[in-house]
Every structure is written in structure tokens, then in C-alpha cells.
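First the structure, in the form of C-alpha cells, and then the observations on it.
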Amino acid sequence: MTLPLLSVSSDRAVDVEADALVVAVSSEKEGLRVHAPEGLEFDADGLSDIGVTGGRDEVVRIAGTGTAARTIAFVGVGSGPVDAVALRYAVGSATRQLRGVAHVAVAVPVSSLVDLTAVLEGAALGTYSFDAYRRDSLAGQKPRATAVTVLAQGDSWTADDADEAVAHATAVAGAVAGTKDLVNTPPLDLYPATFVDAVHERTAGLPVDVRVWDEVALAADGFGGILGVGQGSTRPPRLVKVAYSPAGATRHLALVGKGITYDTGGISLKPAVPMIGMKYDMTGAATILEVVVAAARLELPVRLTAWLCIAENMPSGSAIRPDDVLRMRGGTTVEVLNTDAEGRLVMADGIVAASEEHPDAIVDIATLTGAQVVALGERYSAVMGEDALVARLLDAAREQGESMWGMPLPEEMRALLNSDIADIANVKPGNPAGGMLVAGVFLKEFVGRTGDEDDAPRIPWAHVDIAGPSHNKGGGHGFTGKGPTGVAVRTLLALAAGFSRA
């Protein structure tokens, strides 16, 4: 993970020496609008003649004649408002597509500190690449930018504010890139024990506490879901607790993440083609790890606890079978009718463990169901759970420009999970209807109460299914290239920041 060096300058765009100067262009009813920085003028009709439309993800380069820059790159911001979300997307699209430019200067309309931070984030996010396994790290392509300078003048922020914006953007982009790096790592190299190593590496020097349950401790403490899923592999499972508890924090947000380092489906084996890409099944755990890392770097005044539920789901003579019963943390028994519905089993243990600390809220995140992709496609995450918490998550996602959609948890679906011999079954075999919702209903069963009393209310809880948007299988868009997306990192950070102000 290498991020570009970010900086903010009040210099005039025309005077800045850079390999590329990024200028924003809008598509409006009246025609093309060039958001020209001070000291520069552009002929909108002339730009239209060479194919500039102002559409999103459009980047057109011309010679930097009349400026100190080598080239000028016009990036489209679309036809909507030129706000923080649009600017983050557009600038990220520019840095993702610009190659062979070591230093990029960005001169887009920045009217607030929020805009400035978003532009810095987008610039850093767009430069991501993963080349750890390539002989030629560039794969024949020119390198991306190593330095980005945002040119902005404003009366609403100080130099210290600009420095904080740079620090914030660096932490956020680092968290997204860290998530992508983990998800990109092949399962031969990333398995439960090495995932734990990565946790220690990412948290080194930060004010966080890490506790690890190995297979012996998991058995002693009754984590039957994580143990059951992992028992078919020669590489035993782990549960990792990463706790950030700053002095003075009055609110506690717990995060639970699915960390299946490879999902073959177990005895309920996946077909060959759908199995490709199942290294992505640990995205939830990687996401919450990086959220805590970023929160600690930013010194957010909120207590965060991440529960990484890590296992490898493999078929073998020791693997769990359909018809087996697992006893979960807390004592609930689960009849396993499909071993490929394993994510909910490890997550249930994590939710119970998180509940035992009586946090103010629990959010779990997982690449949980193929049904999520069927329902919402490959760019929208599903959110379900307690209404107020779901609303806060959706607001945070909207603020960050991440696509999430609220879904119901119908009470009548609980009956579909009735078991003849256990407290609950993990699936309803042969009934694909509402599969994403059924998984959410299953997880809800394990959410604890706000206190030790039997009649205490349930802890506010939300479930985020990122099965589709965790992986971009097509071409790049905005600051997101092909491969893992780091979806929900920014939303969960924004949610945590909101908790710190509550």
C-alpha cells in the first residue's frame, strides 16, 4: 500500500509546475461549463469540439499551453450539483485514469473544508494499485501519481484546518487501501493465522488492544460457530478483538466482521466457477479492522470494538456436515442444513461476544449472501436492523457517496428457520425466497440486550450485506478500479464520528 503525498496550496493554478493540472467540467442544460481556476480561461465550444462532454468518468488531456503544467486534464463532474460527493468521485476518477504523471495538481471548485477533504480523499483513493504478485509491478502501464497538490483558497479554513484535512484524507484512504490489500491477498498467503499477523502489523504503534482466541481458547469459551466452520481446514480458525478505548469516550460502537479467508462451501461444495473469487469472503473483517485503525489514527473520541470472526471453510473428513448441530457462544444450538451458509455461523458468535459488553450499538458487515446481489445488484449494499440505527447508517452512506439501501426483516420469516432438533436452523433448504432477509433474521436471533436483565431492551443492531459491492468485476468508475472496492469503510468511519458527537 503506497499512497501519494497529499498537500494543499494557495498558489495560482496557472503558476504551478505539475505533470497534469486537473480542471472540472460540468454538463449543464445550457451546455458545457468549465470550472476554470483563477487566471485561466477555456473555450467551452472548443472543448466540445474535441469531445469534452462533462460526463462522469470522462478525462480528456490537452497540452498545458499557457500554464506551468505539462498537460491539462479536464475531468467530468456530470450534470448534478458540484458538491463534496461529486468532487470526490471526479478527482478520484482523474487520478485513477491519469498515468505517467508523477505530480498532479488539482484545481476544482472547493468552497468548504468538507469539499477540500473530499477532494483530497478522492485524489488518494484513485491512485490505488496492487502489484505485490507481479514480476512487472506496472504490468506494462505507466505509473500513477506519487504526489497530489490541491489548489484551494478559502476564508472558511486555516492552514491548520488544511493540514487536518490532509491527515484525515490520508487516514481514510489508507484504511480503504489496507482493506483492499488484505482482500487482494491470495488465500495461500492469507489464512486465519496470517490474518492475525496482519492485525498486529496494522495496529502496531496505535492505542488499541488486540486479543486473539486460537482454537483451544475458542473451544474453552464456547465459540461453536467459528470452530465448526473452521474445523474442516488444516489451518485453524481465530477470533480477534481489536479495541480502541480513548480516554473520555462516552459512547461505544461494536463492529462484527465476517472473515472467511476462503469459502469453498465446505461439504456443500460450491461449483468451480462461482468458487473463483471466494478469497473476498473476509472483506467484512478487513473492513472493520481498518475502520478501527483509521479511528485510532484520527483520535476519534468514541470507543470502538471490532470482532473479526476468521475461519477457512474447507471440505474434509473433519468438516461439519449438513445435519450437524453446533452450540454457539451463549448456548443457542444451530442445525446446519447447508455448510455454505457458514458466514452467519461465525458472525453469530461474534454478535454474541459483542453483545456481552453491552455497547450502545452493534453493526455487523459481511459478504453474506448471493441473494443480496440478486436483490440490489453489484453497487448497492443492503442495510437492515433497528430502524434508527439503519437510518443513521444510510445517512452516513449518503454523506460519503456510498450506495446503501434499507431492507426489511419480516417477522414471519423466522418460522422458516425452525429446526426439528435445535433452537434454529441456518437455512431453509429449497426455499430461495428472500434469502438475504432470512440471513438477517438469523443474525438478529443472536443480538443481546442492553443490560443483564431478561427484560432489558435489545441492543440497537444493524446488518450490512456487501456481497455485491465488495468486488468490482467490471471497469473502473470514480476512484474505484477493478477488484476489491473497500466499500463501507468510509461509511462506518462517518458513523463512528457521528457516535462521538452523540
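Placed from the backbone N, Cα and C atoms, the Cβ positions cover glycine too.
What Swiss-Prot records for the Mn(2+) 2 site is Lys258, Asp263, Glu342, and among Asp281, Asp323, Asp324, Asp364 the residue it adds there is Asp281. Straight-line distance linking the Cα atoms of Asp281 (Mn(2+) 2 binding site) and Asp340 (Mn(2+) 1 binding site), rounded to a whole number, equals 12 Å. Excluding Lys258, Asp263, Asp281, Glu342, which define the Mn(2+) 2 site, the same chain contributes Val229, Gly259, Ile260, Met278, Met282, Ala311, Asn313, Gly343, Val346, Ala366, Thr367 within 8 Å (Cβ to the Cβ centroid), listed in sequence order.
Using a 10 Å radius centred on the Cβ of Asp340 (Mn(2+) 1 binding site) and all shown protein chains, the other Cβ atoms total 19.
Apart from Asp263, Asp340, Glu342, the residues listed for Mn(2+) 1, the same chain places the Cβ atoms of Val229, Ile260, Thr264, Gly265, Gly266, Ser268, Lys270, Asp281, Asn313, Thr339, Ala341, Gly343 within 8 Å of the centroid of those Cβ atoms. You'll find the Cα of Asp340 (Mn(2+) 1 binding site) roughly 8 Å from the Cα of Lys270 (active site). If you take the CA of Lys270 (active site) and look 10 A around it, the recorded positions you hit from Lys258, Asp263, Glu342, Arg344 are Asp263. For Asp281 (Mn(2+) 2 binding site), the Cβ neighbour count at a 10 Å cut-off comes to 26, with all displayed protein chains included.
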